[in-house]
Every structure is written in structure tokens, then in C-alpha cells.
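Structure first, then comments.
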Amino acid sequence: MSDFVSGFWSYYIGAIAIAGIVFCVWLLFSQRAWLKKTVEHTEDTGHVWDGDLTELNNPVPRWWTVFYLGLCIVAVAILVLYPGLGSYEGTLKFTSANEVKSQREALNAQIQPVYERFGKMSITEVAGDPDAREIGQRLFLNNCAQCHGSDARGSGNFPNLVDGDWLYGGEPEQIMHSITKGRHGMMPAWGAQIKPAEAADIAQYVRSLSGLASDALRIVPGKRGFDMFCAACHGAEGKGNTALGAPNLSDNIWLYGSSEASIVETILNGRENRMPAQEGILTEDQIRMLTAWVWGLSNPGSRMAAR
Ligand code: HEC
Ligand code: HEC
């Protein structure tokens, strides 16, 4: 893999690295005195201290020279095996990403036996198993809590997974699909078709669906607008549609808030939300475990049944 936009920098860096090694070897051979087995005469630098301490100019010891040459050979070997010369990949094709990947595969193989027992159980049975719940919770804390919260109650745009209210459905298959493939919620923007005042009326009607304080006079035109623009996705009674991820607007559970301003903002500018697909990040076993754990959160009866 190379991040270089042109070949020049790759060659430039490669050339500097090789030139460095060549220079080191040249430096060594330019001081050829070490090649001679014995030193015939010792040069005196003429520096004398403390009366009789004379500084000599001896060639470097042989062991040192051999060591030095050995290091140059090691340097060349590393540059052949590993990526170091610009965009040259090295014969081992080493990358740190591959390293992480192979470590992860090894770890997964190691923990495989732990999951084997649960592979034969249905999701609802797994949800009732105390060991499985412990594993599920750890996986959740490591992979999901940053968005959904460590108690899975969500916050802001991140849905609460505990409240039994589902954008995409709370059956095990639907939860597994949400986790495996991810989700991409899209509420279209209606700013071009709906005027702000109309949107405010519709917002009043939407609030009334959840029994929130609303203006009885504005609800009437608001309902008309809702039937025309919104019912197709959110349903005639605003109960939502899990196939589209259109939220239930009548349960007083809000992703973006229940104020008129927030609902008007949703209507005029739309909303977009994304749950990242875990396929390829987590193994199938881990996703099953998480599915069971998440399902169990809003089906607490499953834990009792299994006890
Ligand atoms: C980067 C933030 C992020 C991470 C990490 C994340 N999620 Fe989500 N998740 C979201 C968002 C945002 C949505 C809502 C998507 C939408 O509105 O279309 C969502 C939706 C979901 C849903 C569907 C909820 C419903 O009401 O139908 C489930 C189930 C879910 N996530 C489970 C998980 C699990 C399990 C993990 C850990 C593997 C996880 N998520 C990790 C952001 C995240
Ligand atoms: C094409 C389908 C579609 C249509 C038509 C549509 N919506 Fe939505 N709406 C969605 C989806 C999908 C979401 C969830 C977006 C997300 O996951 O972030 C949503 C979200 C919302 C929310 C946010 C709910 C919350 O929990 O905070 C509100 C309010 C809303 N829509 C109201 C309306 C109104 C009012 C109209 C008519 C003017 C309308 N929608 C028309 C699909 C639609």
C-alpha cells in the first residue's frame, strides 16, 4: 500500500535509504587499515597528558569492524523483507494492518470453543444464559457503548435499545440485521414543498399524536398536511414503519426531541442517521451474542424463563 501521489517521493526515499548504507560501507573501507592482520607501527597523535599518557591513532578493533559490517547487512536484509524503501512492499508483504488482522484471527480461533456451546442454542435461549449475557455485555461495552451508552439507553441521535421501541423492529432477526448490515435512516427534507408555517401546524399535530400539549386549531390543517406528506412512511396514525426505519411518532419517544422547533427542523431539513455495519468487524458468533443481549434488554422475561 502506498500513500504517495507520484512515484518521485518513493524513489527519493528509497535512494536516501540505500545511499545511507552505501556511505557507511564506503566509510569503513576507506579506513582499510583493519584489513591488515597486524599493525606494523602505531601512529602517535602527538597528544600527551599527565606526563606519559600518549594518545595513539590505532585502527578500530576487528570485532568492531565485523559488527559494523554485520549491521549493514542486517539493514539491507530488513529493507528487502519489510517495507522501507518508498512504496516497495518488501518480500514478506508485511503491513501493520495485516498484523492486527492475523492477531485478531488467532484470538478469535482461541475463543471459538467458548462460543460453540451457544451456537446450538436459539437467540432467545442465549439471551437467558447468564454466561452469554456477561459476554454480550462486554462486547457491547467495547463496541457499541460509545454511541448507545454503557446502559444502552442511547442519547441524542443514538437510539435507546432498552425501551422496547424500535426503528427497525425488535425481533431477533431484525436486531441481528441492524447490527450485521448497519442501518441508514433517511427522513427526506420537505423544505421545498412545505412552508415553515405549514410545517409548524404539522408539528402541532405530530405532538398531539403523543398526547403532548398542542394547539387544537392548528391540529386540523396539520393533520391534512400529515396525511398528504407523512403518512406514506409514518403510517396514517403515525405509528411508524420498521421496514423503512420510520419512527413511531405516537409513543412520545424521540430521537431528535419533541419540541415544535425540533419537529419543524426535521420536516424542513430532513434527518439522516447511520448505524455502522459490524459485519467484518465482529465475527458472526459475536454478533449473535450481541443480538441476544440487546434482545434480552427489552424482553426481561427471557431471563426469568431460563432460570
Ligand atoms: C457510531 C455509532 C454507533 C455504534 C458504534 C453502534 N451504533 Fe447502533 N445505531 C447507531 C445509530 C445512529 C442508529 C440509528 C440508525 C438510524 O436511525 O437509522 C443505530 C441503530 C441500532 C439498532 C437499531 C435500533 C432500532 O430502534 O431499530 C440496533 C439494534 C443497534 N444500533 C445495535 C448496535 C450494537 C449491538 C452495536 C455494537 C456492535 C452498535 N449498535 C454500535 C449508532 C451506532
Ligand atoms: C420517505 C419516508 C418518510 C417520509 C415521507 C417522512 N418521514 Fe419522517 N422520518 C423518516 C425516517 C426514516 C425517519 C428516521 C430518521 C433517522 O433514523 O434519523 C424519520 C424521522 C422523523 C421524525 C423524528 C422522530 C424522532 O424520534 O425524533 C419526525 C418528527 C418525523 N420524521 C416527522 C415527519 C413528518 C411530519 C413528515 C411529513 C412532513 C415525515 N416525517 C415524512 C421517514 C419519512
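Placement of Cβ uses the backbone N, Cα and C atoms for every residue, glycine included.
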Which of M187, M275 shares the heme c 2 site with C230, C233, H234 in TrEMBL? The record says M187
Binding-site residues C144, C147, C230: those with Cβ under 6 Å from an atom of ligand 1 are C144, C147
Hits among C147, M187, M275, i.e. binding-site residues with CB under 6 Å from ligand 2, come out as M187
Sequence-ordered list of residues in the chain of C230 (heme c 2 binding site) that lie 6 or more positions away and have a Cβ within less than 8 Å of its Cβ, or none, is I202, G238
M275 (heme c 1 binding site) sits from M187 (heme c 2 binding site) (Cα to Cα, rounded, in Å) at a distance of 15
Cβ density check for M187 (heme c 2 binding site), other Cβ within 10 Å (all protein chains) comes to 21
Surrounding the recorded heme c 1 site, with Cβ no more than 8 Å from the Cβ centroid of C144, C147, H148, M275 and those residues left out, we find A145, Q146, G154, F158, P159, L161
Taking only the CA atoms, the spacing between C147 (heme c 1 binding site) and C233 (heme c 2 binding site), expressed in whole angstrom, is 26
